Each structure stands twice: as structure tokens, then as C-alpha cells.
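*Asks:* Just dropping this structure here.
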């Protein structure tokens, strides 16, 4: 995998019209474009189709978490929109993950989100998950992969442990990545792009450091250079 192919650019904008100049600038420099909740809530499948026209696989980051039948139908609809990757919450349980995989079909890789990168140990304890985040992440990752998930979303702090737990097959997608010197924002567990890849990440998700850069394409090239 070329360094640029490891970069997933997050289209964190309220509309595709707002996202399009950024998306067109970075598409030649990255491997994947990500449509998240804000953009999908505004424009639905049209946002996925518009992003896909830029010639890159689209990662639809909806973090589905519902009863299995509902998630299966949502995954089927996501596949019809043209998404290449789709997220669900591993905490929804093994049957929900299996339902997502059934609904998505063979053309879409279902990625299971373990623990959000905005949560630290204190936040996890407050919702009943005592102990270090790594233990919860590894447990959820194993559950999801055993249920058929094609990949795992986890923070750079846990990616090495997840790789050791699930083996070489699943795609490991890592948000919470910030180039050296960049602000952490609302992320609690972060690392640089190079640190994440050295730890075992296949794909790094980059949002604000690209979106807020004066020249997003140059910023993407700089990140690829770090890898």
C-alpha cells in the first residue's frame, strides 16, 4: 500500500457544496474519502454518490448501533448508495455485527468501532467500563471480527494490541491522528500518522489537520511523506 493510500480524508462539512472544493483538492492525494454523520444527515446517499464521483472509495461513517434487523436494513441501503466501507458499533453485539455484514453484502467492508477516541479511562468508567481502554477495545475487536467484521476502528494507542489480538487479516482504521504539533481538539487518545502506522494501522483518518490547512493537498502530501 502506497503511503497516500493509507490516508482517509474526512469530509467534515455541513453540505457537499461546502465539502466539494476540499474533496476535489485532496482526492488525488489520499486513498479514501469519508462521509460522516453531519454530511449524511444533511444530504443522505446523495453525499456518498457525489464523493464517489471523485474517484476514491467512500467510507460511510455512521457507527450504526441498533437492533440487528434495523442495522441489516441500514447496511443494505448503505451498500446501495455506493459506500465501500461502513461503520457499526461493536458494542451492539455479535448478532448485530453479523446482521450488518449480511446487509452490506460482499461489496462493502463492515468496520466495527470499538471505543471512541474522545473517551479516556475516566469517561469509560463513568459509563460502566472500568479498567484501561485497551482491555475494552481488544474485547470488542475480537467479538466483531469473530462475527464477520472486515475491519476494526480503534485509537492509535490500542492498534498494536488489536493487531496482536485479531491477526493480519482485518483492516485496522485509526482516527485520532494528528501531525506533530497539531492541536488535539476533542480527541483524548491521539498519535502522529507515523506512530499510528508503525503500531499497525492500515488506514489513518485525518479530519481537521487537512480541512483547516491553508493548502489541504499539500498537507496531505506532507502526511504521506511522514509515512
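Cβ atoms here come from the backbone N, Cα and C positions, even for glycine.
Below are the features I grabbed from Swiss-Prot:
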- 63: active site, proton donor (ACT_SITE)
- 12, 34, 61-70, 117, 178, 187, 207-208: substrate binding site (BINDING)
*Asks:* In whole Å, how far does the CA atom of residue 12 (substrate binding site) lie from that of residue 63 (active site, proton donor)?
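*Replies:* Approximately 15 Å lies between the Cα of residue 12 (substrate binding site) and that of residue 63 (active site, proton donor).
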*Asks:* Provide the number of Cβ atoms within 10 Å of the Cβ of residue 62 (substrate binding site), excluding the reference atom itself.
*Replies:* 20
*Asks:* Tell me the Cβ neighbour count for residue 12 (substrate binding site), meaning other Cβ atoms within 10 Å of its Cβ, over all protein chains shown.
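*Replies:* If we count other Cβ atoms within 10 Å of residue 12 (substrate binding site), we arrive at 20.
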*Asks:* What is the interatomic distance between the Cα atoms of residue 63 (active site, proton donor) and residue 117 (substrate binding site), given in whole Å?
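*Replies:* Distance between the two Cα atoms comes out at 13 Å.
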*Asks:* Report the same-chain neighbours of residue 65 (substrate binding site): residues 6+ apart in sequence with Cβ closer than 8 Å to its Cβ, ordered by sequence.
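*Replies:* The list for residue 65 (substrate binding site) reads 71, 88, 89, 91, 92, 96, given in order along the sequence.
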*Asks:* Check each residue in the chain of residue 68 (substrate binding site) that is at least six apart in sequence and keep those whose C-beta is under 8 Å from its C-beta; list them in sequence order.
*Replies:* 92, 93, 95, 96, 98, 99
